[in-house]
Amino acid sequence: MAATTSQASLLLQKQLRDLAKHPVDGFSAGLVDDSNVFEWQVTIIGPPETLYDGGYFNAIMSFPQNYPNSPPSVRFTSEMWHPNVYPDGRVCISILHPPGEDPNGYELASERWTPVHTVESIVLSIISMLSSPNDESPANIEAAALSRATGYWGSPSERMEGEKG
């Protein structure tokens with residue numbers, strides 16, 4: 001177990017260094033506490049032409065001791081109203097679900113966590129989720145119902161097209 005923990009720690013330190021050297025548009029990331037590489041603070045900038053445009057949304061990424069074999073969990077600490085975010089802020093997207101077959105049959109195994117994912121790929125998936133929610137498998141039923149009824153999460157031009165039809 002100690003070897004797995006130290007391997008996970010080294011990998012997370014490397015991913016943190018890589019993000020510091022090569023920042024990615026749309027988010028920033030760092031440690032919540034310099035003594036714990038397993039808990040990260042992430043700030044996501046709301047994607048353009050979405051409900052979140054111009055906003056800054058904070059989240060905590062918590063990594064398991066056996067990362068990257070198991071996915072981290074992500075929880076928004078900023079208020080977030082979205083079909084794929086539970087009311088307590090936990091993010092519900094396929095790549096954060098454990099590897100293997102989905103016991104509920106909603107996701108393909110290829111859509112779920114694999115050890116090739118990085119902090120960057122996770123956050124980019126969350127940014128994509130903010131632009132295009134999956135209301136077929138919602139974490140927030142009310143937000144999903146609003147999305148279905150109004151097309152509220154599309155870009156302004158997509159919403160206008162929906163209103164014309």
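Here the Cβ of each residue, glycine as well, is placed from N, Cα and C on the backbone.
Residues annotated as domain 'UBC core' in TrEMBL: 7-165.
What TrEMBL lists as active site, glycyl thioester intermediate is Cys92. A 10 Å cutoff on Cβ-Cβ distances gives Cys92 (active site, glycyl thioester intermediate) a total of 18 other Cβ atoms nearby, all chains included.
Mean per-residue pLDDT, taken over the domain 'UBC core' (7-165), amounts to 88.
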